[in-house]
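*Asks:* Before I ask anything, let me first share the structure, which is written out below as structure tokens.
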Ligand SMILES: Nc1ncnc2c1ncn2[C@@H]1O[C@H](COP(=O)(O)OP(=O)(O)OP(=O)(O)O)[C@@H](O)[C@H]1O
Ligand SMILES: [Mg+2]
């Protein structure tokens, strides 16, 4: 694969060129194998959802995509994972740069115990994205607006981020992730700690963000997967069982196990 | 010795009561313990309580009251002319009578009246004690019988027992609180007596400390100056030096232990550091006086500085070593308590490990870290032994860490060592110093606790 040349390729490539792709990905925690030969392409400006029973390796897969597995002791990743056709596990790759391009939102909202403003400004400061204070203010406002939180917090930007409600905190974390202007956003069950109204807002938000970002979302709710994603991948016991267009997968699954899972027979 | 035997008897009775109660409960339940309100053990405990507690209370009261009653009886049995003696001579005489009664050495000739008084006193106490033993055992037996008779399936034995235990716990904590209160009040009152002799502004703001007052009129003694500023300054300087040593070492080792060290390493290093807090301070003291101070002196002289053999620097440095574990252990715990989610959040934004520590973990843990610093500081302020041995006794008002200084705690020690009059300004000054010290460490502790508590509220 001619990685370097293709890395420079502009985003105007064909829509169906995958933004990220994984080939023969195996992940081990110590001796146990958590993912087995996973081949999956993540389409650009699409929402891809990962579903499957608990413990099947969805979070593990997601963490491979921005190398968050690196910080887990005893975790080993094998296989090819590329972002814009560049191997993200090659030696010499700057993890800091990678994570600036592939952001992440976690299951439990985890705002830093700092002000709302500083929460958003944290990433841009880290990566030197703002020259002046005005630039930074601008980034903060844009990010909060995109996350649909600006109206609610614009009068209390200096209040602690931990003082917001759970749903607001999660939108704050999304804003924090988009403030560094990533290309891909990974979301690990972003709504599981939220009530239905907050969930609906985040789903709306995901749909809007799709214009500018590539999104991978792990979810336990099949309705949610059906509502927000264009492509769905079903994992089972570390195997990627089936991946196809969301509608196709939910109406006409090819694999017995998928059928069983989406009809609620196990999982 | 007598009371030990009595206590043993009472405990035995209580044990017997326990098994009686249990058996009785089984019996009244008609072989079906499930019909009882509480499990049989609680009926046993109920009987044991009735058996043990009243007689133990009686014994406690007796131990407090009996000597007074005996003495009062002794005095009222003495001849009229002796009773009319002035109070101090009377108490000397009574002491002799008591000594005579218990067969100790007596400071005067024994005459008939004295001997009679002593005999009467001894036999009265003997009879009294015997009566008490009998009564106590009787009460225990009566309590046992009474409680056992009371057992019915509906008796709420568990609730009664639990109430008794909670009363016991309340009593225990009351004793602790009252003791603290007593200490504070006595500090306060004695300090007031001191301030009646030396004005408080002179004590708090005076620049010269020389507590040697003349005991007799003709004695050549110090003038008696009670300006405590040199002591406060000395305390402050030594504490500052100690913190300068302990804060960087403590914080860096905390960061290393909580963030960088592999778990195995941490499991070894942390207890090793904590040993530092367990070394007796007197060991630190001679370490400071015999090793560190001469070292500092030699080093200082070799670069042409005038260093006294006892210096604030030596004491402060060694004290700093001593308080390292307060900072390192507590800060390590606090940083470990920062949720993993926060670290992940920072990593996911592309922060490196050191950036995460500096910008996320450290600020999040800061209140707890400040708490640990304050605790370490109050420990340093209260430390005495190292300073006595390494910093000297001279109350110099100086900002030079190479000179000898003294601290509040050291002066309290020197004021009270040796024979003292208990109402001289010199002795009372110790209470005033103690009060100031108490106020300072209390304030630091309150602030530290407050800060730590605010930190706790953050992550739940
Ligand atoms: N840090 C870890 N150390 C060891 N094993 C792990 C670790 N994290 C996950 N695993 C194991 O890897 C497997 C996949 O875990 P993963 O968290 O990816 O599942 P998941 O699909 O996200 O499940 P859930 O829906 O419950 O979040 C599980 O068997 C799990 O026990
Ligand atoms: Mg998961």
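Note that Cβ sites are derived from N, Cα and C of the backbone, with glycine treated the same way.
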*Asks:* Which residue range, B:403-427, B:428-452, is the one TrEMBL calls transmembrane segment?
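*Replies:* The listed stretch tagged transmembrane segment in TrEMBL is B:428-452.
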*Asks:* Take the transmembrane segment (B:127-147) and find every residue of the same chain, 6 or more past its ends, with a Cβ under 8 Å from one of its Cβ atoms.
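*Replies:* Beyond its ends, the transmembrane segment (B:127-147) has Cβ neighbours at 2, 6, 9-10, 13-14, 16-17, 20-21, 46-47, 49-55, 58-59, 62, 66, 69-70.
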*Asks:* Quick test of the contact rule: Cβ under 8 Å, at least six residues beyond the ends. What residues does that give for the transmembrane segment (B:231-255)?
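*Replies:* Beyond its ends, the transmembrane segment (B:231-255) has Cβ neighbours at 209, 269, 273, 312-313, 315-317, 319-332, 335, 357, 362, 369, 372-373, 376-377, 380-381, 387, 391, 395-399, 401, 405-409, 411, 433, 436.
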*Asks:* Which residues of the same chain, at least 6 past either end of the transmembrane segment (B:45-65), have a Cβ under 8 Å from a Cβ in it?
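*Replies:* Distant Cβ neighbours of the transmembrane segment (B:45-65) are 3, 6-7, 10-11, 13-18, 20-21, 24, 132, 135-137, 139-141, 143-144, 146-148, 151, 155, 157, 160-161, 164.
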*Asks:* Other than its close neighbours in sequence, what residues sit by the transmembrane segment (B:360-381), given a CB gap under 8 Å and a spacing of at least six beyond its ends?
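*Replies:* Distal contacts: 235, 238-239, 242-243, 246-247, 250-251, 254-255, 259, 319-320, 322-323, 326-327, 329-331, 333-335, 337-338, 342-343, 345-346, 351, 408-409, 437, 440-441, 444-445, 447-449, 451-452, 454-455, 458.
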